[in-house]
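Below is one structure, written out as structure tokens; the observations come after it.
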Amino acid sequence: MTTKRGGRGFLALAIVLLTVLIGLFAAGWWRLAGSRAQLDGTQRVIGPQHAVTITRDALGTATITGQSRDDVTYALGHVHAQERFFPMDLMRRAAAGELSELVGPAALDVDIAHRRHRLRAVAQAAYAALSPAQKHTLDIYRDGVNAGLANLREKPWEYMLLKARPEPWRSEDSMLVIAAMYLDLNDDGNNPRETHIAQMRAVLPAALVTFLISPDPNWEAPLKDGTSPSPVIPAEDVYDLRHTNTPAASTTVAAATIESVDRAYPGSNSFAVAGTISRSGSAILANDMHLDLRVPDIWFRARLRYPDPTAPKGGRDVMGVTLPGTPALVVGSNGQIAWGFTNSYGDWMDWVRIQRDPHNPQRYKVPEGWATIEQHDEIIGVKGAAPHTLHVEDTRWGPILSKDTDGTPLALAWIGDLPRAYNMALMQLEHVSAVSAALDLGPTFGIPPQNFLVADSAGHIGWTIAGNSIPLRAGFDPVLPADWSQPNTGWVGWAAPSQYPRIENPADGRLWTANNRTVGSDELALLGEGGHDIGARAQQIRDDLRARADFGPANLLDIQLDDHAVFLTRWQQLLQTTVANTQDPSLAQLRGLTAAWRNEAAPDSVDYRLVHAFRDEVHKRVLAPFTARIQQRFPDFQWPGPGNQEAAVWMLIQQQPTYLLDPVYHDWHALLLQAARNVADTLGKQPGGLAARTWGEVNHADIRHPLSRALPAFVGRWLDMPDDELPGDHNMPRVAGPGFGASERLDVSPGHESEGILEMPGGQSDNPLSPFYAAGHEDWVHGHPTPLMPGKDLHTLVLQPSPR
């Protein structure tokens with residue numbers, strides 16, 4: 001009897017617990033569902049002058065139709081807030097150094113690095129300096145964002161998880177979103193390249209440093225002015241590794257600290273063909289912007305429609321991608337022109353040596369005498385911990401962030417710290433009808449300086465640099481820290497639009513940029529060298545374009561998806577030569593697995609993985625003795641990238657000067673053989689041996705929601721994109737790596753948008769219960785052409801003005 005009662009009691013308790021768990025799950029599910037965007041019906045809002053219609057197709061593309069751009073701007077803010085408020089919030093907080101207030105101590109290091117720039121103050125000043133029309137646009141967008149946030153039944157789900165309240169959007173926050181792009185595209189506001197070059201110059205002879213970081217003319221593909229001269233190996237009396245007495249152990253450690261020669265850098269591809277070689281007679285533009293990938297994607301698909309008497313048929317119809325947090329269509333087409341961007345990698349920051357007054361360290365030397373260092377105590381709020389006080393010293397040239405090789409304080413002059421470098425002039429592209437007018441506008445944009453490619457419906461194409469803040473320099477070497485307290489030294493003004501390099505309608509009807517050097521001579525001196533890509537990607541795009549005489553949008557997508565391993569072919573040949581006569585069984589297997597060169601970075605490619613690893617290993621072994629020598633004095637030294645050591649490494653292993661060979665090797669063949677042996681040993685020990693080492697094993701998607709790692713694994717997997725093996729690599733058109741790659745692929749001929757293509761990873765919506773979460777992602781993975789034009793309307797929401 002007691003057993004029966006005990007069994008009934010246990011059963012009753014289990015039922016109660018199960019009921020509670022179901023209730024908790026249902027409540028959580030209900031709240032998660034309540035944070036989804038409203039897709040249908042009517043919402044009464046205060047702001048727009050007339051009703052605005054928002055339709056969505058199966059991908060979640062928002063088509064916004066209104067009676068004015070102001071009304072459309074309001075509705076775009078409303079949609080962004082309902083679908084993307086948390087990512088928008090992260091961008092403004094990251095730029096301002098305010099992440100820790102939301103997520104706690106884990107973000108404090110990022111906040112400290114960014115708060116030193118006081119970008120919240122920069123954004124406020126930038127907004128205050130905008131024209132009345134641009135302020136009005138941002139104010140309307142702000143109102144739409146805050147209305148969209150307020151109209152959600154529940155706050156976005158991330159804030160429930162973080163037990164936080166979303167802060168209202170402010171007009172200045174759109175400037176902070178642009179600041180986040182400055183940080184992303186300009187080395188996080190740290191100028192590491194010039195720091196490390198200065199360290200090299202402090203230890204090694206200048207001629208050797210010049211050689212080691214020289215561009216590689218074999219891979220350059222500039223738009224004009226030809227390739228760089230071949231690097232010159234310094235003579236034996238300049239530097240001899242046999243006499244440096246660097247311990248072998250130090251060299252081994254240095255090799256281990258050299259990052260992969262192909263580590264990811266923000267960049268993009270953009271190319272265009274003129275109407276003379278397009279099937280439609282209109283020019284065609286392709287653009288894929290390479291960034292860190294996340295869930296959801298950084299971009300948001302949209303089509304904006306509103307009356308415009310200057311537009312064909314009196315109506316403006318623009319489509320492409322917007323950046324949530326701003327009201328602009330960043331890349332896309334207005335039916336008359338299409339435009340896209342790639343990071344220019346010009347030189348947009350310089351280190352300034354600060355000469356403190358020896359009698360008053362709060363003063364520093366300036367050309368006219370002495371100035372007082374501005375002192376700021378920045379209070380960084382930290383969720384769950386005490387606030388952190390960051391003391392910032394600021395000069396007329398920028399904040400003091402570092403020290404030169406001799407200990408002199410360094411201030412960073414960076415355009416991203418200047419209010420003048422921010423505005424919304426980019427939005428004027430919606431009203432432009434021709435390439436020439438678009439190129440005229442480029443130098444007025446308040447954005448990080450970009451390669452700006454434009455194509456129009458009349459068949460014209462053109463290129464220039466977009467961005468209103470190209471500094472004019474005088475009196476110093478911009479690669480190294482300099483004393484700007486001397487007269488006529490430093491940034492002495494800003495380039496006028498007439499000084500910007502520009503190309504319209506090249507004779508062969510083709511233009512391309514891929515973060516490579518685009519110009520030379522005086523124009524290169526104006527833009528500067530900020531770490532251009534080696535050029536192999538641009539060269540392959542150029543050659544692909546030259547291989548055809550007629551084009552449609554799908555042909556440009558084919559080029560974007562080109563994963564042929566042109567760049568690594570010479571390394572495959574070198575590997576075969578290196579192991580040709582070896583009797584070592586592991587090297588014989590390495591030789592066999594790489595002999596039949598498939599010439600592509602396919603997921604199942606073993607030969608590509610092994611050759612890629614061999615190049616990486618050779619680079620580390622060639623550079624290690626120089627790195628070790630520098631790290632003896634500067635332990636934080638890293639090789640300045642990206643990829644600018646290729647020319648030196650390749651020339652050294654071809655000409656084989658013994659005095660620049662690591663003394664641990666008796667000749668250069670021994671170095672190459674040891675690099676091959678290390679690849680065979682390291683990869684051969686892994687499960688399945690060398691034959692199982694496919695490229696897809698290491699080159700797979702790692703596209704995550706920002707909070708997924710903080711959740712149980714089964715929940716994180718639900719939020720993140722599948723761990724697909726990806727084709728592609730860095731030195732080819734199809735750029736792909738874990739968590740990095742094409743954030744969109746756009747191919748469009750203005751006036752023929754129905755043939756256009758727009759692929760995006762990660763989906764449209766931030767809410768995992770949304771039908772648009774991950775929508776379109778599979779097409780992006782496999783390169784299937786997703787139409788640019790929205791599909792059938794599946795949802796319709798009307799924003800109806802309410803009386804104030």
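Every residue gets a Cβ built from N, Cα and C, even glycine.
What TrEMBL says about a protein is an automatic prediction, not a curated fact.
Note that the structure is predicted; figures quoted are calculated from it, not measured.
What TrEMBL says about this protein:
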BINDING   Glu194, Asp347, Asp350, Pro478, Asp522  Ca(2+) binding site
ACT_SITE  Ser268  active site, nucleophile
REGION    747-769  region 'Disordered'
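Around the Cβ of Asp347 (Ca(2+) binding site), the same chain contributes Pro478, Leu527, Gly528, Glu529, Gly530, each under 8 angstroms and 6 or more positions distant in sequence. Neighbour counts were taken as the number of other C-beta atoms within 10 angstroms of each residue's C-beta; across the binding-site residues Glu194, Asp350, Asp522, the minimum falls on Asp522. Within the same chain, residues at least 6 positions away in sequence whose Cβ sits under 8 Å from that of the residue listed as 'active site, nucleophile' are Asn287, Asp288, Met289, His290, Gly340, Phe341, Thr342, Asn343, Thr513, Ala514, Asn515. The secondary structure of Asp350 (Ca(2+) binding site), as reduced to three states from DSSP, is extended strand. In the three-state DSSP scheme, Pro478 (Ca(2+) binding site) is classed as coil. The residue listed as 'active site, nucleophile' falls within a strand segment according to DSSP. Across the region 'Disordered' (747-769), DSSP helix (H, G, I), strand (E, B) and coil residues number 3 helix, 6 strand, 14 coil.
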